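**Q** Take a look at this one; I'll ask things after.
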Amino acid sequence: MSKIRVLSVDDSALMRQIMTEIINSHSDMEMVATAPDPLVARDLIKKYNPDVLTLDVEMPRMDGIDFLEKLMRLRPMPVVMVSSLTGKGSEITLRALELGAVDFVTKPQLGIREGMLAYSEMIAEKIRHPSRAKLAAHTPLAAPDTLKAGPLLSSEKLLVIGASTGGTEAIRHVLQPLPLSSPGILITQHMPPGFTRSFAERLNKLCQISVKEAEDGERVPPGHAYIAPGDKHMELSRRRANYQIKIHDGPPVNRHRPSVDVLFHSVAKHAGRNAVGVILTGMGNDGAAGMLAMPIAGAWTIAQNEASCVVFGMPREAINMGGVSEVVDLSQVVSQQMLEKISAGQAIRI
(Lines of atoms letter the chains of each structure in order from A; the text may use other names.)
(Lines give C-alpha, C1' and ligand atoms only; values in the text may rest on other atoms or scores of the structure.)
Protein backbone atom coordinates (compact mmCIF):
# COMPACT_ATOMS: atom_id res chain seq x y z
CA MET A 1 0.00 0.00 0.00
CA SER A 2 1.47 3.36 -1.04
CA LYS A 3 2.17 6.00 1.57
CA ILE A 4 0.11 9.17 1.94
CA ARG A 5 2.12 11.95 0.31
CA VAL A 6 2.07 15.21 2.30
CA LEU A 7 3.28 18.69 1.40
CA SER A 8 3.55 21.30 4.17
CA VAL A 9 3.36 25.06 3.56
CA ASP A 10 4.52 27.31 6.42
CA ASP A 11 6.72 30.40 6.57
CA SER A 12 8.30 29.14 9.81
CA ALA A 13 11.34 26.90 9.24
CA LEU A 14 10.76 25.42 12.70
CA MET A 15 7.16 24.47 11.86
CA ARG A 16 8.25 22.90 8.57
CA GLN A 17 10.83 20.84 10.46
CA ILE A 18 8.32 19.79 13.14
CA MET A 19 5.66 18.82 10.59
CA THR A 20 8.24 16.79 8.64
CA GLU A 21 9.26 14.97 11.82
CA ILE A 22 5.63 14.24 12.71
CA ILE A 23 4.61 13.01 9.25
CA ASN A 24 7.68 10.83 8.75
CA SER A 25 7.21 9.21 12.18
CA HIS A 26 4.09 7.46 10.84
CA SER A 27 4.73 4.45 8.63
CA ASP A 28 1.79 5.10 6.31
CA MET A 29 2.74 8.66 5.31
CA GLU A 30 5.71 10.70 4.11
CA MET A 31 6.57 14.38 3.74
CA VAL A 32 7.43 14.76 0.06
CA ALA A 33 8.26 18.48 0.24
CA THR A 34 7.88 21.67 2.28
CA ALA A 35 7.42 25.26 1.13
CA PRO A 36 7.92 28.62 2.88
CA ASP A 37 5.01 30.27 1.04
CA PRO A 38 2.19 29.49 -1.39
CA LEU A 39 4.08 30.68 -4.47
CA VAL A 40 6.79 28.07 -3.90
CA ALA A 41 4.12 25.54 -2.97
CA ARG A 42 2.37 26.03 -6.31
CA ASP A 43 5.38 24.63 -8.19
CA LEU A 44 5.97 21.84 -5.66
CA ILE A 45 2.36 20.67 -5.96
CA LYS A 46 2.84 20.27 -9.72
CA LYS A 47 6.12 18.42 -9.19
CA TYR A 48 5.19 16.05 -6.33
CA ASN A 49 1.40 15.66 -6.70
CA PRO A 50 0.76 15.30 -2.92
CA ASP A 51 -2.31 13.58 -1.49
CA VAL A 52 -2.77 16.13 1.32
CA LEU A 53 -1.56 19.68 1.92
CA THR A 54 -1.02 21.27 5.34
CA LEU A 55 -1.31 25.03 5.04
CA ASP A 56 -0.42 27.82 7.46
CA VAL A 57 -3.10 30.48 7.71
CA GLU A 58 -0.93 33.61 7.88
CA MET A 59 2.07 33.88 5.53
CA PRO A 60 3.93 36.54 3.49
CA ARG A 61 3.53 37.10 -0.29
CA MET A 62 0.14 35.32 -0.40
CA ASP A 63 -1.83 34.34 2.70
CA GLY A 64 -3.22 30.87 3.16
CA ILE A 65 -6.83 31.91 2.50
CA ASP A 66 -6.12 33.47 -0.90
CA PHE A 67 -4.07 30.43 -1.90
CA LEU A 68 -6.72 28.00 -0.64
CA GLU A 69 -9.45 29.74 -2.63
CA LYS A 70 -7.42 29.46 -5.85
CA LEU A 71 -6.33 25.89 -5.10
CA MET A 72 -9.83 24.57 -4.43
CA ARG A 73 -11.10 26.13 -7.64
CA LEU A 74 -8.26 25.00 -9.93
CA ARG A 75 -6.76 21.88 -8.35
CA PRO A 76 -8.94 20.62 -5.50
CA MET A 77 -7.20 18.46 -2.91
CA PRO A 78 -7.56 17.72 0.83
CA VAL A 79 -6.14 20.66 2.83
CA VAL A 80 -5.60 20.75 6.60
CA MET A 81 -5.12 24.30 7.93
CA VAL A 82 -2.58 25.13 10.65
CA SER A 83 -3.87 28.01 12.75
CA SER A 84 -3.08 30.05 15.83
CA LEU A 85 -5.40 29.98 18.85
CA THR A 86 -6.37 33.64 18.54
CA GLY A 87 -9.62 35.42 17.80
CA LYS A 88 -8.36 36.45 14.39
CA GLY A 89 -6.97 32.97 13.78
CA SER A 90 -10.31 31.32 14.54
CA GLU A 91 -12.22 33.63 12.18
CA ILE A 92 -9.76 32.98 9.34
CA THR A 93 -9.85 29.24 9.97
CA LEU A 94 -13.66 29.20 9.78
CA ARG A 95 -13.38 31.02 6.47
CA ALA A 96 -10.92 28.34 5.29
CA LEU A 97 -13.38 25.58 6.20
CA GLU A 98 -16.07 27.43 4.26
CA LEU A 99 -13.74 27.52 1.22
CA GLY A 100 -13.18 23.76 1.33
CA ALA A 101 -10.41 22.95 3.82
CA VAL A 102 -11.28 19.61 5.40
CA ASP A 103 -9.89 20.24 8.90
CA PHE A 104 -7.49 22.30 10.97
CA VAL A 105 -4.74 21.96 13.57
CA THR A 106 -4.13 24.63 16.20
CA LYS A 107 -0.59 25.67 17.11
CA PRO A 108 0.18 25.68 20.84
CA GLN A 109 0.70 29.18 22.21
CA LEU A 110 3.73 28.10 24.25
CA GLY A 111 6.26 25.33 23.67
CA ILE A 112 5.42 24.92 19.99
CA ARG A 113 7.79 22.00 19.35
CA GLU A 114 6.72 19.98 22.41
CA GLY A 115 3.06 20.83 21.89
CA MET A 116 2.99 19.89 18.21
CA LEU A 117 4.85 16.63 18.83
CA ALA A 118 2.30 15.80 21.53
CA TYR A 119 -0.39 16.26 18.86
CA SER A 120 1.39 13.81 16.52
CA GLU A 121 -1.28 11.11 16.49
CA MET A 122 -4.12 13.63 16.17
CA ILE A 123 -2.37 15.35 13.25
CA ALA A 124 -1.82 11.99 11.56
CA GLU A 125 -5.53 11.16 11.90
CA LYS A 126 -6.53 14.55 10.47
CA ILE A 127 -4.34 13.80 7.44
CA ARG A 128 -5.12 10.07 7.13
CA HIS A 129 -8.91 10.32 6.76
CA PRO A 130 -9.12 13.22 4.26
CA SER A 131 -6.41 11.61 2.11
CA ARG A 132 -9.02 9.07 1.00
CA ALA A 133 -11.42 11.75 -0.18
CA LYS A 134 -11.79 12.50 -3.86
CA LEU A 135 -12.55 16.20 -4.04
CA ALA A 136 -14.19 17.96 -6.95
CA ALA A 137 -13.64 21.64 -7.68
CA HIS A 138 -15.01 23.34 -4.61
CA THR A 139 -18.37 25.02 -4.82
CA PRO A 140 -19.47 26.39 -1.44
CA LEU A 141 -22.74 24.94 -0.19
CA ALA A 142 -25.51 27.18 -1.44
CA ALA A 143 -27.76 28.73 1.15
CA PRO A 144 -30.73 26.34 1.41
CA ASP A 145 -34.28 27.56 0.89
CA THR A 146 -35.78 29.05 4.02
CA LEU A 147 -38.39 26.80 5.60
CA LYS A 148 -41.83 28.20 6.36
CA ALA A 149 -42.58 29.31 9.88
CA GLY A 150 -45.05 27.05 11.62
CA PRO A 151 -46.71 27.34 15.02
CA LEU A 152 -44.26 28.03 17.84
CA LEU A 153 -43.14 24.67 19.15
CA SER A 154 -43.53 23.51 22.70
CA SER A 155 -40.42 24.04 24.78
CA GLU A 156 -40.42 20.24 25.18
CA LYS A 157 -39.29 19.72 21.57
CA LEU A 158 -35.55 19.52 20.96
CA LEU A 159 -33.12 19.03 18.06
CA VAL A 160 -29.57 17.88 18.94
CA ILE A 161 -26.64 17.72 16.53
CA GLY A 162 -23.17 16.18 16.74
CA ALA A 163 -20.35 16.70 14.23
CA SER A 164 -16.59 16.81 13.75
CA THR A 165 -14.49 17.01 10.56
CA GLY A 166 -16.46 18.93 7.93
CA GLY A 167 -19.12 19.80 10.46
CA THR A 168 -18.91 23.58 10.43
CA GLU A 169 -20.32 23.87 6.93
CA ALA A 170 -22.74 20.97 7.42
CA ILE A 171 -24.15 22.64 10.55
CA ARG A 172 -24.53 25.93 8.70
CA HIS A 173 -26.49 24.10 5.99
CA VAL A 174 -28.81 22.59 8.60
CA LEU A 175 -29.41 25.75 10.64
CA GLN A 176 -29.62 28.43 7.96
CA PRO A 177 -33.12 27.59 6.64
CA LEU A 178 -34.72 27.12 10.06
CA PRO A 179 -37.54 29.53 11.03
CA LEU A 180 -37.91 31.14 14.44
CA SER A 181 -40.59 28.59 15.31
CA SER A 182 -38.00 25.78 15.23
CA PRO A 183 -37.36 23.65 18.32
CA GLY A 184 -34.56 24.48 20.72
CA ILE A 185 -31.24 23.16 19.40
CA LEU A 186 -28.08 21.87 21.10
CA ILE A 187 -24.90 21.31 19.07
CA THR A 188 -21.61 19.63 19.89
CA GLN A 189 -18.95 20.27 17.25
CA HIS A 190 -15.39 19.16 18.02
CA MET A 191 -13.50 22.45 18.32
CA PRO A 192 -10.93 24.03 20.65
CA PRO A 193 -11.67 26.98 22.98
CA GLY A 194 -12.14 30.29 21.18
CA PHE A 195 -13.21 28.72 17.92
CA THR A 196 -16.68 27.79 19.17
CA ARG A 197 -17.49 31.39 20.08
CA SER A 198 -16.40 32.64 16.63
CA PHE A 199 -18.34 29.81 15.01
CA ALA A 200 -21.51 30.67 16.94
CA GLU A 201 -21.19 34.38 16.13
CA ARG A 202 -20.76 33.59 12.44
CA LEU A 203 -23.85 31.37 12.40
CA ASN A 204 -25.87 33.95 14.31
CA LYS A 205 -25.28 36.44 11.49
CA LEU A 206 -26.35 33.92 8.83
CA CYS A 207 -29.41 32.37 10.48
CA GLN A 208 -32.92 33.52 11.38
CA ILE A 209 -32.73 31.66 14.68
CA SER A 210 -30.49 32.88 17.49
CA VAL A 211 -27.15 31.04 17.74
CA LYS A 212 -24.67 31.43 20.59
CA GLU A 213 -21.97 29.62 22.53
CA ALA A 214 -23.68 27.84 25.40
CA GLU A 215 -23.33 28.96 29.01
CA ASP A 216 -24.01 26.94 32.13
CA GLY A 217 -27.58 27.24 33.40
CA GLU A 218 -29.16 28.63 30.23
CA ARG A 219 -32.65 27.51 29.24
CA VAL A 220 -33.31 26.08 25.75
CA PRO A 221 -36.31 27.91 24.24
CA PRO A 222 -37.63 27.39 20.69
CA GLY A 223 -35.82 29.32 17.97
CA HIS A 224 -32.47 29.25 19.78
CA ALA A 225 -29.36 27.13 19.12
CA TYR A 226 -26.52 26.60 21.58
CA ILE A 227 -23.02 25.39 20.69
CA ALA A 228 -20.91 23.54 23.26
CA PRO A 229 -17.88 25.65 24.23
CA GLY A 230 -14.47 24.29 23.31
CA ASP A 231 -12.83 22.05 25.94
CA LYS A 232 -16.11 21.79 27.91
CA HIS A 233 -18.79 19.11 27.91
CA MET A 234 -22.39 20.19 27.34
CA GLU A 235 -25.32 18.21 28.75
CA LEU A 236 -29.06 18.66 28.88
CA SER A 237 -30.65 18.75 32.32
CA ARG A 238 -34.02 19.75 33.73
CA ARG A 239 -35.05 22.41 36.19
CA ARG A 240 -38.70 21.82 37.01
CA ALA A 241 -40.56 21.97 33.66
CA ASN A 242 -37.72 23.56 31.70
CA TYR A 243 -34.69 22.22 29.87
CA GLN A 244 -31.43 23.65 31.13
CA ILE A 245 -27.86 23.50 29.82
CA LYS A 246 -25.14 22.07 32.01
CA ILE A 247 -21.51 22.92 31.12
CA HIS A 248 -18.72 21.09 32.93
CA ASP A 249 -15.07 19.99 32.88
CA GLY A 250 -15.54 16.23 32.98
CA PRO A 251 -12.82 14.00 31.54
CA PRO A 252 -12.63 13.60 27.73
CA VAL A 253 -14.97 10.96 26.29
CA ASN A 254 -13.80 9.15 23.15
CA ARG A 255 -10.76 11.47 23.42
CA HIS A 256 -13.03 14.50 22.99
CA ARG A 257 -14.21 17.39 25.12
CA PRO A 258 -16.83 18.45 24.19
CA SER A 259 -18.14 14.97 23.39
CA VAL A 260 -21.19 14.16 21.27
CA ASP A 261 -21.83 11.05 23.37
CA VAL A 262 -22.09 13.14 26.54
CA LEU A 263 -24.74 15.36 24.92
CA PHE A 264 -26.73 12.53 23.32
CA HIS A 265 -26.86 10.41 26.50
CA SER A 266 -28.18 13.38 28.49
CA VAL A 267 -30.81 14.13 25.84
CA ALA A 268 -31.96 10.50 25.85
CA LYS A 269 -32.38 10.75 29.62
CA HIS A 270 -34.15 14.10 29.86
CA ALA A 271 -35.95 14.60 26.52
CA GLY A 272 -36.65 11.08 25.26
CA ARG A 273 -39.36 10.99 22.59
CA ASN A 274 -39.43 14.79 22.37
CA ALA A 275 -35.97 14.86 20.79
CA VAL A 276 -34.53 14.38 17.31
CA GLY A 277 -30.83 13.46 17.17
CA VAL A 278 -28.64 14.18 14.14
CA ILE A 279 -25.10 12.94 13.56
CA LEU A 280 -23.16 14.66 10.80
CA THR A 281 -19.80 14.29 9.08
CA GLY A 282 -16.77 13.51 11.27
CA MET A 283 -14.06 10.97 11.96
CA GLY A 284 -14.04 8.53 14.85
CA ASN A 285 -16.89 7.01 16.85
CA ASP A 286 -17.98 9.83 19.16
CA GLY A 287 -21.77 9.97 19.28
CA ALA A 288 -22.48 6.37 18.24
CA ALA A 289 -23.23 5.05 21.75
CA GLY A 290 -25.23 8.15 22.68
CA MET A 291 -27.24 7.92 19.48
CA LEU A 292 -28.09 4.29 20.29
CA ALA A 293 -29.52 5.44 23.64
CA MET A 294 -31.81 8.00 21.99
CA PRO A 295 -34.23 5.70 20.06
CA ILE A 296 -34.33 3.38 23.06
CA ALA A 297 -35.72 6.41 24.93
CA GLY A 298 -38.19 7.09 22.11
CA ALA A 299 -36.30 9.68 20.03
CA TRP A 300 -35.94 9.71 16.24
CA THR A 301 -32.36 9.73 14.93
CA ILE A 302 -30.83 10.78 11.62
CA ALA A 303 -27.36 10.20 10.14
CA GLN A 304 -25.83 12.09 7.21
CA ASN A 305 -25.16 9.80 4.25
CA GLU A 306 -21.67 8.95 2.98
CA ALA A 307 -22.05 10.80 -0.32
CA SER A 308 -22.53 14.19 1.38
CA CYS A 309 -19.98 13.71 4.22
CA VAL A 310 -16.42 15.02 4.23
CA VAL A 311 -15.58 12.05 6.49
CA PHE A 312 -18.18 9.30 7.02
CA GLY A 313 -16.64 7.94 10.26
CA MET A 314 -19.08 9.14 12.93
CA PRO A 315 -22.27 8.45 10.93
CA ARG A 316 -20.95 5.03 9.88
CA GLU A 317 -20.20 4.04 13.49
CA ALA A 318 -23.65 5.18 14.63
CA ILE A 319 -25.30 3.22 11.79
CA ASN A 320 -23.25 0.10 12.52
CA MET A 321 -24.14 0.27 16.21
CA GLY A 322 -27.84 0.27 15.31
CA GLY A 323 -28.90 3.63 16.72
CA VAL A 324 -29.87 5.38 13.47
CA SER A 325 -33.51 5.58 12.40
CA GLU A 326 -32.80 7.11 9.01
CA VAL A 327 -29.85 7.94 6.71
CA VAL A 328 -30.28 10.99 4.46
CA ASP A 329 -28.34 13.43 2.31
CA LEU A 330 -27.24 16.63 4.05
CA SER A 331 -29.84 18.58 2.05
CA GLN A 332 -32.59 16.41 3.60
CA VAL A 333 -31.47 16.44 7.24
CA VAL A 334 -33.95 19.18 8.10
CA SER A 335 -37.06 19.56 5.94
CA GLN A 336 -40.43 21.29 6.04
CA GLN A 337 -42.08 17.92 6.60
CA MET A 338 -39.86 17.17 9.58
CA LEU A 339 -40.65 20.50 11.25
CA GLU A 340 -44.37 19.99 10.69
CA LYS A 341 -44.24 16.55 12.26
CA ILE A 342 -42.28 17.79 15.27
CA SER A 343 -44.85 20.57 15.65
CA ALA A 344 -47.70 18.06 15.52
CA GLY A 345 -45.94 15.85 18.06
CA GLN A 346 -45.87 12.92 15.65
CA ALA A 347 -43.18 10.30 15.36
CA ILE A 348 -40.96 11.40 12.51
CA ARG A 349 -41.18 9.26 9.40
CA ILE A 350 -39.84 11.39 6.57
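Along the chain as shown, residues are numbered 1 onward.
Using the three backbone atoms N, Cα and C, a Cβ is placed for every residue, glycine included.
What you are looking at is a predicted structure, and each value in this text was computed from that prediction instead of being measured.
Under the heading domain 'Response regulatory', Swiss-Prot lists 5-122. Residues or ranges marked as 4-aspartylphosphate in Swiss-Prot: Asp56. According to Swiss-Prot, the feature domain 'CheB-type methylesterase' maps to 152-338. What Swiss-Prot records for Ser164, His190, Asp286 is active site, and it gives sequence analysis as the kind of evidence.
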**Q** Kindly report the helix/strand/coil residue split of the domain 'Response regulatory' (5-122) according to DSSP, in that order.
**A** 57 helix, 28 strand, 33 coil
**Q** Roughly how many angstrom lie between the C-alpha atoms of Ser164 (active site) and His190 (active site)?
**A** 5
**Q** Here the recorded positions are Asp56, Asp286; which one has the lowest number of other Cβ atoms no more than 10 Å from its Cβ?
**A** Asp56
**Q** How many neighbouring Cβ atoms, not counting its own, are there within 10 Å of the Cβ of His190 (active site)?
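**A** Here the count is 26.
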